[in-house]
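Novice: Below: one structure in structure tokens.
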Amino acid sequence: MRLAVIGGDGIGPEVVAEGLRVLRAVHPKVETTDYDLGARRWHETGETLPDSVLAELRGHDAILLGAVGDPGVPSGVLERGLLLRLRFELDHHVNLRPVRLYPGVTSPLAGDPAIDMIVVREGTEGPYAGAGGTLRRGTPQEVATEESLNTRFGVERVVRDAFARASRRPRAHLTLVHKTNVLTKAGDLWARTVAEVGAEFPAVSVDYQHVDAASMFFVTDPARFDVVVTDNMFGDILTDIGAAITGGIGLAASGNLDPSGANPSMFEPVHGSAPDIAGQGLADPTATVASVAMLLDHLGHADEAARVEGAVAASLAARAAAGGARRSTREIGDDLATRAAG
């Protein structure tokens, strides 16, 4: 496996180091290349993602990212210049976010709800495509536009991915989330595409929720969801709700995928760089390790992925049974690597 590693800023390098230890515990043949990208590089050079680095990244099987950013970088610089550019250039059109409540993890929701869903979020279109502009900026007549771009090609490929994932799960249920009653043009495209592709997956049951209703049901009845497919912005919001109800953003893993394999997919914890605790051994690497499980699964190493996922579940349950005593980044990494190694 040829793996590009972007430790990034703050706690990013710390959690990535533990993720790599767990990866090597189950898959020793890993060749890594480290890339200095993020806030530190921007402060020193003004660069976010040089073309030469992007070209090198394309030569890897996958990318493991820690976290990027610090308060000194203006909003949007790293988001658009690095993270979104990687998504667009590497065609990461599927953003995959598991939403699972592990045994022993406390949810803020009452009643110990059963939560086990996957959100399949479109990753290269919608309002994040960068279309729009500003007129008469800084004047009382200022106009700002952000256009949501939805193509049949882009919608269909993410919908197909979602149906395929639903067909492999026991419940085989897919929910389209949109706002078809107001966003009638884009909503119609999404709804028709789901209906047409769904005809090819007769074993998958399908329903629809407006995004506002889905937001409520994520909190009041999350067990109703199995696989959710939605556009870029709605998915961005819903998945953070999903993280909040399953133990917090610190346990949330994600994958930015080109399922075709033409480009390396990227895997990362959802949390930020947390510069206030960097270097203190306080960061929990569990989300990074869960992202490593997704990486292995994506590259076809299902058995190794299951071992890492099992290690995450067992470690979280053991920590809960021990009363949730604080452990260092390294200690958690030790535990996860030992469990994964079997």
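Every residue gets a Cβ built from N, Cα and C, even glycine.
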Novice: Could you look at ARG58, ARG121, ARG136, ARG137 and say which one Swiss-Prot places alongside ARG87, ARG97, ASP212 in the substrate site?
Specialist: ARG121
Novice: What other residues of the same chain, not counting ASP212, ASP236, ASP240, have a CB atom within 8 A of the CB centroid of the Mg(2+) site?
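Specialist: Close Cβ neighbours, site residues excluded: VAL211, SER215, MET233, PHE234, GLY235, ILE237, LEU238, THR239, ILE241.
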Novice: Using a 10 Å cut-off on Cβ-Cβ distances across all protein chains shown, tell me which of the recorded positions (ARG87, ARG97, ARG121, LYS179) has the largest neighbour count.
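Specialist: Sorting the candidates by Cβ neighbours within 10 Å, the top entry is ARG121.
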Novice: Judged by the number of other CB atoms within 10 angstroms, which among ASP236, ASP276 is the least packed of the binding-site residues?
Specialist: ASP276
Novice: For ALA278 (NAD(+) binding site), which of the three DSSP-derived states applies: helix, strand, or coil?
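Specialist: DSSP assigns ALA278 (NAD(+) binding site) to coil.
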